[in-house]
Structures are given as C-alpha cells and as structure tokens.
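Notes to accompany the following structure.
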Amino acid sequence: MLYIVGLGLGNEKDITLRGLEAVKKCDKIFIEAYTSLLSFGLSSDGLSTLETLYGKPVTLADRETVEEKADEILSEAAHSHVAFLVVGDPFGATTHTDLVVRAKKLGIDVKVVHNASVMNAVGVCGLQLYHYGETVSIPFFTDTWRPDSFYEKIQKNRGLGLHTLCLLDIRVKEPTLESLCRGKKQYEPPRYMSVNTAIEQLLEVEQNRGESAYSEDTMCVGFARLGSEDQKIVAGTMRQLESVDFGAPLHCLVIVGKTHPVEEEMLDFYRTV
C-alpha cells in the first residue's frame, strides 16, 4: 500500500489523526522536500521533529528522488506499507498524480489523506474562495529569461472581477548551469521568492506590456508562513506591499478582483494603513 499523506501548513502537529495512523503503520516513510519547506524541523534540526512524533526514521525525497527514482519508492510499496508525505495537501498546489498513476499501473493500492493547502488557507484574509480565477506561478527572472505567461491569466481574471492567487517561486536543489555542462551535479543555494520580489517583477511586466491588467495602485494581499503561528497577512496596494517586510518564507500573493462588502470588511483588518 502507498499512502500519500498531506501534512498541512503549520508544523508537525498539523497532520490529521487519520494521516498519523497511516504513517504509524508504514514500514518506510518518505517526505517530499522540493516544493515547500517546512517549519517542521527541516531547516535547523533535520527531520528530528517528524521522526520524534512518528517514532520512525523519515527519508528526505528531493526532486531527483521523486522524479528519477520513483521506482524505488514504488518497489517498496509493492510489498510493504509506504508513506509519501507532502507539505500541504497531496493534490493542492503541487500535484503528485504521476506517482499515483505509476502505482496504480503496477497494481499497488493507493490511499490519499488530505490536509490544508495554500489553495484554501488563503481564505483567512476574507476573500471568498469561489471568487478566485485561475492560479498563476511567478518564477524568478534571470538576465536571459523573463517569462510573462502569467500576465494574460491575471488580465483575464481581473476582467471577470476574480481574485488571482500567485504562487511564488521556490528553487531548491536546482543544478547550476556550469555543473550541467560538466555533467557533474552541483546545486545552487535554496531561494524562496518574497512578496516584494514578486510585485517588482509583476510591475516590470506591466510596464513592458502596457495593457493595464493591473498597476501599482492595484489592491493585493501578501501572505507569509501561512498556517504557522507567526503567519503574516498584509493588505494594501502593490506600491504599499513592495516596502513591507514579510520576513521568512514561504510567501504568496493575491491580486484582488472585484470585492463584496463582506470581503472588504475582512480586508480592513489586514490593511497597511
């Protein structure tokens, strides 16, 4: 059996009771660690907080393990119980459908245990979830690569009066260009996009496109460490949020569409001024 278990957003205690029961019956536990970072003890003291809670060792599964060595995970699941732990919800911001498809093709039973995800936790700011349009991802710009495919999606959402959730780039264990050329992998330091960088890039794209999809006066909501005890939520214009210190990652951003009076009332609690 392969259990795919969502861990939620805050810390190791956010796993559901059903998720914890599944983990405790598993012989091998993997945790994906390339789409999100955890306040679960992954930064300073390794996996100790999770391992203490579960009473079992946990294997860190980076992008390479999941994408290139999935067969190893599945071969374990073919003859024993294996848990694959995912920050947030297994099918939230990052889907793990490939692992599920491959498991089912091999005749391996799969059970999914859901949990909170950034996709629904953003509701805390008061903007109603059914007033959101398509979610977009904002990648880090480089000197030679400045993609703007998100622009049309934001433009379409705003044309319909819908809010837009912007998921901000996370670059963990990315091989350097030099190492790829040499054929020996070396990795860049981890980088997590801030709300400030996202707004800077969004405004650059608007300046280049000039189609008035949004402006520095457009209302937004910035989030940091959503679901954690020290989460930070600030509402304001792009210009206002660009100078706010949101602190440690992870960050995300919502570009506000047309608002209902009840949504406005909730946003007032988070406004910068």
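The count begins at 1 with the first shown residue.
From the backbone N, Cα and C atoms, a Cβ is placed for every residue, glycine too.
Here the structure is a predicted model, which means the values were calculated and not measured.
Noted in TrEMBL for the protein shown:
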- Leu9, Asp89, Gly92, Ser117, Val118, Leu168, Leu226, His251: S-adenosyl-L-methionine binding site (BINDING)
- 1-241: domain 'Tetrapyrrole methylase' (DOMAIN)
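Put plainly, the binding-site residues Leu9, Val118, Leu168 were compared by Cβ crowding within 10 Å, and the winner is Leu9. Computed over the domain 'Tetrapyrrole methylase' (1-241), the whole-number mean pLDDT of the model equals 88. Taking Cβ-Cβ distances under 8 Å and a sequence separation of 6 or more, the neighbours of Asp89 (S-adenosyl-L-methionine binding site) in its chain are Gly6, His114, Asn115, Ala116, Ser117, Met119. Around Gly92 (S-adenosyl-L-methionine binding site), taking its Cβ as the centre, 22 other Cβ atoms fall within 10 Å, counting all chains.
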